[in-house]
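Student: One structure is given below, represented as structure tokens, and several questions about it will come after.
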Amino acid sequence: MISERDSETTFDEDSQPNDEVMPYSDDETEDELDSRQPAVEPGQNQINRDAEESQEPLKKDCSWQVKANDQRFYEQPQFKRTVFLCFKKSKYAANAIKTYKYNPITFLPLNLFEQFKRAANFYFLVLLILQSIPQITTLSWYTTLVPLLLVLGITAVKDLVDDIARHRMDNEVNNRTCEVIRDGRFKNTKWKDIKVGDIIRLKKNTFVPADILLLSSSEPNSLCYVETAELDGETNLKFKMALEVTHRYLQEESAMADFNGLIECEEPNNRLDKFAGTLFWRNMSYSLDADKILLRGCKIRNTDFCHGVVIFAGADTKIMKNSGKTRFKRTKIDSLMNYMVYTIFVVLILLSAGLAIGHTYWEQQIGNLSWYLYDAQDFSPPYRGFLNFWGYIIVLNTMVPISLYVSVEVIRLGQSYFINWDLQMYYPEKDTAAKARTTTLNEQLGQIHYIFSDKTGTLTQNIMTFKKCCINGQRYGKHKAIQQVDFSWNMYADGKFSFYDHYLIEQIKSGKEPEIQKFFFLLAICHTVMVDTSDGQLNYQAASPDEGALVTAARNFGYVFLSRTQNTITISEMGIERTYDVLAILDFNSDRKRMSVIVRESGGNIRLYCKGADTVIYERLHPRNLKREATEEALDIFANETLRTLCLCYRDISHDEFEAWNKKFVEASVATTNRDEALDKVYEDIEKNLILLGATAIEDKLQDGVPETISRLSKADIKIWVLTGDKKETAENIGFSCELLTDETTICYGEDTSALLQTRLENQRNRAGSSTHSSLRMNEPFFQGSKDRALIITGSWLNEILLEKKKKKKKLKLKFPRTAEEKKKQTEKRRRAEAYKEQQQKNFVDLACECRAVICCRVTPKQKAMVVELVKKYKKAITLAIGDGANDVNMIKTAHIGVGISGQEGMQAVMSSDYSFGQFRYLQRLLLVHGRWSYIRMCKFLRYFFYKNFAFTLVHIWYSFFNGFSAQTAYEDWFITLYNVLYSSLPVLLVGLLDQDVSDKLSLRFPRLYILGQKDLLFNYKKFFLSLLHGAVTSLIIFFIPYGAYLKTMGQDGEAPSDYQSFAVTAASSLIFVVNFQIGLDTSYWTFVNAFSVFGSIALYFGITFDFHSAGIHVLFPSAFQFTGTAPNALRQPYLWLTMILSIAICLLPVVAQRFLSMTIWPSESDRVSKVLGYFGTCTSSAHSSAWAHSSFVLAEHLTL
């Protein structure tokens, strides 16, 4: 009993993974998997289950009810929900939408609340409150208020502008009009007044106001063409089709007004491609699916008008359900910057505490004994020290830069615009420019370690062309002839289609091979393509490029798809037009990987035609398929030529079998629970004993520049993994085509990997608890030597190796209670299983990362995301995922950076991505140029920002030793206020936006320059503490040089200029010169704007200082401006200028010397590139040109190693 009761998750270790089989579906549940296993259940368990199910009420999936033309229906109590206490509200949303965040009353409090949730803003608010306490502060309140108001104001204005735009958009949308049945007539009504259950009429080129069930349209068979660009970015037309019964009876206005159908469907959700519901009308029930629903945001095209009933309105519509928050991504530098700010907080508190202790000691030793320092406050020295602690928190607050975060956002925004404006990433064929869809990740583009790429549409063009086929074991499409096949005999032929095998055409024309006729007939009838005619030409609208290519091929070979209705399809067969009854369409999806259609032919025979992936077709073939081996051989040949393959098959169905099956099909299609599962099971019943016709082979060429891009990224030490659903042979050959694999590459497959991992795991188990030496040996590399290796692994092997196979549990509804000992054993067993699984996954990642390239084939979208997550988890590496289709969305969202390609598969990948462009080759420019520049600029900006703030703030500490640690400031209050805002902000901002160590061409020419970002060499804790040290030394010089100079001096006029105010002006002036010249030394790429910002900041400082020290402003604001005449008096003394020159020289000359020595003795790679190219760039003679070429080649070789 115990063994049965405690049946645990097991893995099928005996079963060998099949490279050809796609793993289980991402959406499969344990119930679904178990349903495929012919398990025998104990009788008592079955009785228990039946007893439980008989007691449970039937839970409906379709719990949303809509009654047409009956608003009183929704007032029933069961459609109300409690919103607060006893207040109830209808569960059906109104159609008005609200995307704005604020209104005139809530803007100020709500916006301030949101801004003060940020730690830095809240910190400065607390400082402002502390500065209003006279016993604590020695610094005027406006020194914090002005910068804080500036930061809050800029952010608030940005938020206000964004929200005003949202208000306008909401008003525009809510006040659009359409025709709605009111009092038995169609009347113009605003969108915001539309309600669930209303019947509406939409006209051509208008947007759909809510999610509606299509009832009828002006087109034959109530077809309706829609454009879904607002939903998924796709501009190609899609078609929807009404039910035949509503098409027949709901055309007139009066019929619409009398319509009283009841719709039961699923609750509102965000699944754009799925819908399950049932229409009850006239004592009949009709199945509803996504093909009969028009979603809000779609636009009516090529249809004069259509009618529908509103099912979901407003916030319940699918487009609004999809407008939720996306996963927030943060860069590595962001996290590091936050930790450094926390470090500064700690340093600030420690310094303030130390200085407060110093003040306490000073008070005890000196302050209490000095009668002239008595301030009429009888505070004890410890209490004065406590007050001074807060005083120093205020004085030293500029160590935490308030403008840091705002400046970082400005720099990132500018860098995003540079990406958007880059004409070298513009794809003219599709008029597609590069787009930075986020502004927070730019510098992380310069730190990528791993790229995970889809194949189809990402590395390849996803423009499918029919190249070859295998029919009845015979292969066609060999390039024996140079001359193309002449299709002029076919009036419907597509002029763009090319084919070279004349023998196939002869066979078709002769009509002697019935298998060939069936083959192309199947291509013409088994699909979901829609057709429209313009200027006498047929235009096909296909859901996928593959399907379009196959139907176009059939069209050229004489089997032309002409039109379709709900129940018929019309085909021209070698010039003879025939119409067939379509009895059922068995849809394609990513789980089934096949599509079937059941038709009644002219003689009354019923036949099923099916096309799909070879793996799923082979499982369903009749045992006696004579041409199976020949077809398999052809498939292998096609795969080796990197062609995409599909198998075609058919079977005849008797009338009795179809009638019995059709009853099950109708029942499943209107099921209120688990409809998809029920349909899949019904489909399985009929798709069996199939007769193989042959296979198609479609070519998908590589995009331009793919091999060069992969080669260049590999030289930048970026590892590229290809994740695809294609066959292993196809994926491997594409790997060779794009030079990801070479002839020297040693390839490891799934079985090799599994053996290596099994050996490693056994060694780790054996060595557990042994000596340190042996534990270190467990981290030895898997492969010895420096061979070029690649890993090719299928989805099945991936599941086997990573222990991700589906769990199989014996379900027992009624279980005996376990003892404490059993529970403990069970817990321990699970813990060991989890530890085993985690170790196995880590080992796999370690092994894969030792390979130069990895190709995962036959993988599902979920597995793609899992692979990315494993590398993130165990390698702590920065990852980038790039793809072009909906099946890549999960992977794109999982990676640190997601890149979408605007390809043939719609825009789902682009809309989920952080960056997008038109071709894979632009990835090298995005990373090696924009990413690298952004990383260098941001690191240089942060290092300098921390430096200038330390140099500015730490002067107060040195001054404290001469003022009794009394929290007095070393500068004028207005200088403290404007230092970060005006005097030192613009030059560093421009460096963060415009600086570049080498040009874009050199960045691409020498990919090894990229490595410094991967290794975090330019910004880390070491660089941070060096900036702190540099700032501390600068502050020492800024303070003690003037102090020494002022100690015993006399001015020209006989007066000593060594008063506090003159000293403050001298120190401040020296600081402004030093920090602005320092950013000049840090600037690699000089422009007029940079030079203007440096000298302009210095000029601005002197201009404002002279104004603030004038007598006129002192008369107007005597308490705020107390340095009257200080600057004019102090700065006319030559001695002071000599003092400042000395301070500047001592600060900057060591920096210049250090830079010179490092560039001469320890040059960086960018220094070497700049030096060599700078020298040879001026060569004009042939000898010099030859030397330049040789040196450039040597340098390139060195940087490539």
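Note: Cβ is positioned from N, Cα and C throughout, glycine not excepted.
Whatever TrEMBL says is automated annotation, not expert-curated.
Sharing the record's features from TrEMBL:
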{"type": "ACT_SITE", "residues": "D454", "note": "active site, 4-aspartylphosphate intermediate"}
{"type": "BINDING", "residues": "D454, K455, T456, E547, F588, K611, R644, T724, G725, D726, R858, K864, N887, D888", "note": "ATP binding site"}
{"type": "BINDING", "residues": "D454, T456, D884, D888", "note": "Mg(2+) binding site"}
{"type": "COMPBIAS", "residues": "49-59", "note": "compositional bias 'Basic and acidic residues'"}
{"type": "DOMAIN", "residues": "81-145", "note": "domain 'P-type ATPase N-terminal'"}
{"type": "DOMAIN", "residues": "174-236", "note": "domain 'P-type ATPase A'"}
{"type": "DOMAIN", "residues": "910-1164", "note": "domain 'P-type ATPase C-terminal'"}
{"type": "TRANSMEM", "residues": "142-161", "note": "transmembrane segment"}
{"type": "TRANSMEM", "residues": "339-362", "note": "transmembrane segment"}
{"type": "TRANSMEM", "residues": "389-408", "note": "transmembrane segment"}
{"type": "TRANSMEM", "residues": "941-962", "note": "transmembrane segment"}
{"type": "TRANSMEM", "residues": "974-994", "note": "transmembrane segment"}
{"type": "TRANSMEM", "residues": "1024-1043", "note": "transmembrane segment"}
{"type": "TRANSMEM", "residues": "1063-1081", "note": "transmembrane segment"}
{"type": "TRANSMEM", "residues": "1088-1115", "note": "transmembrane segment"}
{"type": "TRANSMEM", "residues": "1135-1153", "note": "transmembrane segment"}
Student: With every protein chain in view, how many other Cβ atoms are within 10 Å of the Cβ of G725 (ATP binding site)?
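Tutor: I get 23 for this one.
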Student: Would you say the transmembrane segment (1063-1081) and the transmembrane segment (1088-1115) are in contact under the rule of three or more C-beta pairs closer than 8 Å, pairs 6 or more apart in sequence?
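Tutor: In contact, yes.
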Student: Based on Cα distances to G725 (ATP binding site), point out the closest of the recorded positions D454, D884, D888.
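Tutor: It is D454, whose Cα lies nearest.
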Student: Of the recorded positions D454, D884, D888, which one sits closest to R858 (ATP binding site) when you measure Cα to Cα?
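Tutor: Result: the closest of the recorded positions to R858 (ATP binding site) is D454.
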Student: Could you count the residues of the domain 'P-type ATPase A' (174-236) that DSSP puts in helix, in strand and in coil?
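Tutor: DSSP classes over the domain 'P-type ATPase A' (174-236) add up to 11 helix, 30 strand, 22 coil.
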Student: Can you see whether the transmembrane segment (1063-1081) and the transmembrane segment (941-962) are touching - at least 3 CB pairs under 8 angstroms, only pairs 6 or more apart in sequence?
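Tutor: With 3 or more qualifying Cβ pairs, these stretches touch.
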Student: Is the count of Cβ pairs under 8 Å between the transmembrane segment (389-408) and the transmembrane segment (1135-1153), pairs 6 or more apart in sequence, 3 or more?
Tutor: no
Student: Other than its own, how many Cβ atoms are within 10 Å of the Cβ belonging to R858 (ATP binding site)?
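Tutor: Cβ-Cβ neighbours of R858 (ATP binding site) within 10 Å number 26.
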Student: Of the recorded positions D454, T456, F588, which sits closest to D888 (Mg(2+) binding site) by Cα distance?
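Tutor: Smallest Cα separation from D888 (Mg(2+) binding site) among D454, T456, F588: D454.
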Student: Counting only residues 6 or more past its boundaries, what in the same chain has a CB within less than 8 Å of a CB in the transmembrane segment (974-994)?
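Tutor: Distant Cβ neighbours of the transmembrane segment (974-994) are 139, 142-143, 146-147, 150, 398, 401-403, 407, 410-411, 414-415, 937-938, 940-941, 944-945, 948-949, 952, 1064, 1068, 1072, 1075-1076, 1079-1080, 1082-1083, 1085, 1087, 1089-1090, 1093-1094, 1096-1097, 1100-1101, 1104-1105, 1108, 1121.
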Student: How many whole Å apart are the CA atoms of T456 (ATP binding site) and D884 (Mg(2+) binding site)?
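Tutor: It is 8 Å, counting Cα to Cα.
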Student: List the Cα distance (Å, whole number) between R644 (ATP binding site) and D454 (active site, 4-aspartylphosphate intermediate).
Tutor: 15
Student: Should anything in the same chain at least six residues away from the transmembrane segment (142-161) have a Cβ under 8 Å from its Cβ atoms, list it; otherwise answer none.
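Tutor: 101-102, 107, 111-112, 115, 121, 124-125, 127-128, 131, 394, 397, 402-403, 406, 973-974, 976-978, 980-981, 1120.
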Student: Once near-sequence residues are set aside, which residues in the chain of F588 (ATP binding site), 6 or more away, have Cβ atoms under 8 Å from its Cβ?
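Tutor: The answer is T528, R594, M595, G612.
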Student: Can you count helix, strand and coil residues in the domain 'P-type ATPase N-terminal' (81-145) using DSSP?
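Tutor: The counts are 26 helix, 8 strand, 31 coil.
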